[in-house]
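Quick look at what TrEMBL lists:
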- 1-30: region 'Disordered' (REGION)
- 17-30: compositional bias 'Polar residues' (COMPBIAS)
- Cys22, Cys36, Cys39, Cys45: [4Fe-4S] cluster binding site (BINDING)
- Gly75, Lys76, Gly77, Gly78, Val79, Gly80, Lys81, Ser82: ATP binding site (BINDING)
Amino acid sequence: MASPRTEASALPEVPENANQHCPGTSSDQAGKSAACAGCPNQSICATAPKGPDPDMAAIAERMSSVKHKLLVLSGKGGVGKSTVSAQLAFALARRGFEVGLLDIDICGPSVPKMLGLEGQEIHSSNLGWSPVYVEDNLAVMSIGFMLPNPDEAVIWRGPRKNGLIKQFLKDVHWGPLDYLVVDAPPGTSDEHITIAQCLQSAAMTADVSAGGTGAIIVTTPQDVAVIDVRKEVSFCRKVGLPVLGVVENMVGLITSLERCTFTATTSTVAANGGATFAGDGSPASTTGAEVDVTSQVLAFLTERFPGASLRVRTEVFRAGGAADRMCADMNVELLGRVPLDPGLGAAADAGQPVVGLMPCGVSGNPGPMDTAASTVGCDGVGFACLPALLTIVGKVVDRTRGAKSSS
């Protein structure tokens, strides 16, 4: 991963729409010099606090015990970013790493649900806020733990959101971590700028060999989603945040045959053996009723392929390789392609991992498991998404523990 000192130095102090001789947002003359006249940012710069951010020292102290920070980003909502974040954290923990999962999606926190932590509360001590532990080596922090009513909307402006993100970074006592996975909101807004600046500025005081910060960008195959990923990659480069790679999610639906329903629609022509006409002599409708033929199809396929476990695959969005082309154009790595797996959705709703999932009816926290051995969910159906997820996790570990990432 790129040097934290290099990353932090790339953070811009001059807004893109600033005047030609802008003194910089941190300058004492920001908003006051003659060069600022007519600039759309003049009033903001003139009233903004100057000098070093007093929170940065506390954030740097907290983050000094975290080896690798992984920001999971997406250009659009609904592409499975939080699902990828949760399963990535689960999988890293099952590999024996000390892992923290920080949910900074202030307006839509879904991490508590996806990790089975609904109803949990934050506790504080003289060390700071204590995260909620899923397993001995997997800790979680989210605004979801702070809401008295999970249905309550969080209606905050940017400064208040940024203040909470800073508070999470400086007040949560994670202890030593190998990985801190950050589930960010979709898009490129204030929260993204804040988390990137805080982590990279904190890294300025850290040992260069202690790791760094990198981004994982999640998309789906549609062009409208991939277009926004290009903006996300551009954002990362502008703020000096290395991109570890892209995860293409929901790439085709893969499910067991038993989950499928088969129907047949017969035409009137086929049923009657010929054309039919209405009373006025015009052709009658040729569309008949939709008939459920699931049992017949399953019986036929069972007889045709005895003992085989059959799966059905179909493309839901497109099969055009939009993410492949985007990654090639922008020189970023495609970490993996995760199929749309009903088992993964069920596991997320149940707050369980698909890597090393415990058998049904077993309670308590499982210990480290062979991640390649457990591939069956509570309904007895194999996880079609698991090979792709294991590949992605392996690449993330490789990239963060020695290999270079694209920036």
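Numbers here mean position along the shown chain, with the first residue as 1.
Positions of Cβ are set from backbone N, Cα and C atoms, glycine also.
Because TrEMBL annotations are produced automatically, they should be read as predictions rather than curated entries.
Of the listed binding-site residues, namely Gly78, Gly80, the sparsest CB environment within 10 A is found at Gly78. Calculated from their C-alpha atoms, the gap between Cys39 ([4Fe-4S] cluster binding site) and Gly75 (ATP binding site) amounts to 29 Å. When the binding-site residues Cys22, Cys36, Cys45 are compared by Cα distance to Gly80 (ATP binding site), the shortest distance belongs to Cys45.
When the Cα atoms are compared, Gly77 (ATP binding site) and Cys45 ([4Fe-4S] cluster binding site) turn out to be 31 Å apart. Geometry remark: Gly78 (ATP binding site) versus Cys22 ([4Fe-4S] cluster binding site), CA distance 39 Å. Lys81 (ATP binding site) sits 37 Å from Cys22 ([4Fe-4S] cluster binding site), taking the C-alpha atoms as the reference points.
Counting every protein chain shown, 23 other Cβ atoms lie within 10 Å of the Cβ of Cys45 ([4Fe-4S] cluster binding site).
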